[in-house]
Amino acid sequence: HKSTVPVETGEKVKEIIRRNINKGADFDVVSNPEFLREGSAIKDTLEPDRIVIGAESEKAIEAMKRLYGPIKAPLIVTDIKSAEMIKHASNAFLATKISFINSVARICELSGADVEKVAEGMGYDKRIGKAFLNAGIGFGGSCFPKDSQAFIKIAEKYGYDYQLLKATNEINGEQKKDFVDKIKKAVGNANGKTIGVLGLSFKPNTDDMRFAPSVYIINELQKLGAEIKAYDPVAMEKAKDIFKNVEFCNDAYEASKGADALLILTEWNEFKELDFKKIKSLLKAPIVIDGRNIYSLDEMQKYGFTYVSIGRKPILAD
């Protein structure tokens, strides 16, 4: 099996197969977790960081080694339970790293430090690494939210209270709430205001809306009486099944037109190359609230925006 599954799944699968095949028939169960990222699955398959094989027989191990023969990557051969645990622990660690930098961002905002500089300084330490140190509005998607909850349940089953991972999920939820507070502070009373939204999918290069921060944020703004205009390069068809009373736009400029503020919720590359003079002329008020820190403070100050981001000092328009 390749997906994130509870520890002992391999044993259960083995029992089910044994009950349902001819007595004495030879078979093996292998845990071979994949570590693919949405948006780069082919590259991750052909150039993996490592290959994990959990098996109980030499025959199964040799078969898997032959299967992966053409791919040059470290090969970890282990028992089935450990292979299942590697997948859980990897996803839990990455989710925790995201919540860690987001909690640091909150302290940066309170103290006047810049989380982008802090993350850069941390990332050069090889023991820490640069990946997943991007402060933002929290993780979403089909893996981290579901897998972290599942890992907490697995721990409970064995009598362990997984407080660290519970805190990871709690911080992730707080990031979205805090972002809504930033919007309310920037626009005042949201009732009757028009908010432009750029980015709906949980991350760029996918149309996946599962646990996307945009869902919580837009729903909260609608509860406050805001009108929403939204644009995403690929996720709008899926978003139409989720959101009611949202005006879906053809591009970032249409979403900006007449808006009292513009939100960045997904860091699509095309949003990094917008014509800011044009954006400013289209907005009713020059307010940009960036949940992904894709613009520099100097750039936004130069264009005369009120610019609120994550873990950095806000820029106020003159």
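Positions of Cβ are set from backbone N, Cα and C atoms, glycine also.
For the NAD(+) site, TrEMBL lists Glu38, Lys146, Arg210; matching the candidates Thr4, Thr9, Thr168 against that entry yields Thr4.
Within the same chain, residues at least six positions away from Lys146 (NAD(+) binding site) with a Cβ under 8 Å of its Cβ are Thr4, Phe211. Secondary structure by DSSP for the domain 'UDP-glucose/GDP-mannose dehydrogenase C-terminal' (196-297): 34 helix, 19 strand, 49 coil. Cβ neighbour counts within 10 Å, taken over all protein chains shown, single out Ala135 as the most crowded of the recorded positions Leu133, Ala135, Cys143. Within 10 Å of the C-beta atom of Thr4 (NAD(+) binding site) sit 20 other C-beta atoms, taking all shown protein chains into account. Of all the Cβ atoms in the protein chains shown, 23 others lie within 10 Å of the Cβ of Gly140 (substrate binding site). The 10 Å shell around the Cβ of Glu38 (NAD(+) binding site) contains 18 further Cβ atoms across the protein chains shown.
Glu38 (NAD(+) binding site) and Cys143 (active site, nucleophile) are 10 Å apart (CA-CA, integer value).
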